[in-house]
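Novice: Just dropping this structure here.
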């Protein structure tokens with residue numbers, strides 16, 4: 001354990017660690033499985049243990065879906081083209097994905113979470129936030145709960161998980177990343193300010209590569225740099241995101257753990273077995289993708305107003321086109337009609353097409369209902385041709 005040891009129950013400090021102020025009394029755990037897909041394969045095939053493994057297809061047009069820690073040591077990462085991965089690690093072993101197995105293991109893991117608290121917010125097959133404040137108030141320290149969960153996961157699945165414990169989601173997530181694999185890190189309120197101050201801004205929630213580069217140009221490289229900027233300065237340069245950056249630079253994150261957290265989108269994409277230049281061939285792929293999007297939407301009785309088309313060319317340049325409609329839609333034919341129109345806008349293609357994706361978002365709940373949670377497993381889809389994936393959750397299945 002790092003970033004603070006000992007009793008992690010409520011301490012009477014505020015989110016910035018100032019003694020005597022009103023405390024954020026929550027206790028949040030973030031649990032993240034270690035190299036999940038690859039670890040399942042190494043568990044089930046002992047000959048792969050200790051060797052660099054990539055889940056995916058090793059053919060010329062394949063893409064790495066997940067990499068073991070042995071492979072990561074060579075620079076292999078998820079979403080990397082297989083040819084690039086093999087250049088970095090010639091000894092890399094590719095194994096095809098077994099999504100039905102990953103789903104089954106995920107169900108075991110999430111059942112363990114649910115046994116400790118009702119407040120579980122699933123993020124993916126292998127990752128979740130847990131609010132254990134009530135259990136802590138009853139005398140169980142959050143670190144002890146996190147250790148129990150990790151031990152139960154290992155006993156039930158033979159896999160390791162890393163966990164982070166803190167008083168909000170932002171810090172709990174950062175903590176879980178600190179000591180991977182098989183680690184536990186605690187960030188108590190009185191240690192949070194120093195921890196956040198030393199953090200590179202690229203690690204902050206809501207700071208992507210483009211924003212990170214912009215911050216660097218403004219002389220903002222660490223949490224301390226970000227905290228030193230006034231809210232007026234941040235508003236001038238980052239607009240509506242200013243309040244968020246101002247808060248997290250101070251270790252403040254009031255987002256609740258939401259068990260009913262709705263899926264923001266349903267999508268499907270595929271890396272093509274052959275490059276496409278013909279509009280008709282591309283439309284046929286888009287038609288199948290639209291059907292794959294429509295099925296889970298229909299099962300959940302969800303309709304969305306926004307259709308997004310993703311096109312990646314052979315030089316890996318990517319275009320995204322989206323259209324938001326005045327009325328929601330869910331039928332495959334309706335989704336297809338919008339996607340076809342978007343595809344026609346960018347044809348003739350500037351280069352041959354390597355990947356196509358279709359996403360439905362902007363959901364409206366069924367009439368008379370306030371919301372509908374998409375199934376956790378809608379996030380993973382079988383490939384259409386060689387190395388398909390989906391876009392139905394934040395992030396890619398990479399652990």
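All residue numbers here begin at 1 and follow the chain in the order shown.
Every residue gets a Cβ built from N, Cα and C, even glycine.
It should be emphasised that the depicted structure is a prediction, and the values quoted were computed from it without experimental measurement.
Feature annotation from TrEMBL assigns compositional bias 'Basic and acidic residues' to 1-11. The region 'Disordered' annotation in TrEMBL covers 1-22, 364-399. What TrEMBL records for 28-208 is domain 'UmuC'. Annotated Mg(2+) binding site per TrEMBL: 32, 126, in sequence order. Look at TrEMBL and you will find 37 tagged as site 'Substrate discrimination'. According to TrEMBL, the active site annotation covers 127. What TrEMBL lists as compositional bias 'Polar residues' is 387-399.
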Novice: Tell me, how many other CB atoms lie within 10 A of the CB of residue 126 (Mg(2+) binding site), whichever protein chain they belong to?
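Specialist: Residue 126 (Mg(2+) binding site): 26 neighbouring Cβ atoms within 10 Å.
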Novice: Where does the mean pLDDT land for the domain 'UmuC' (28-208)?
Specialist: 94
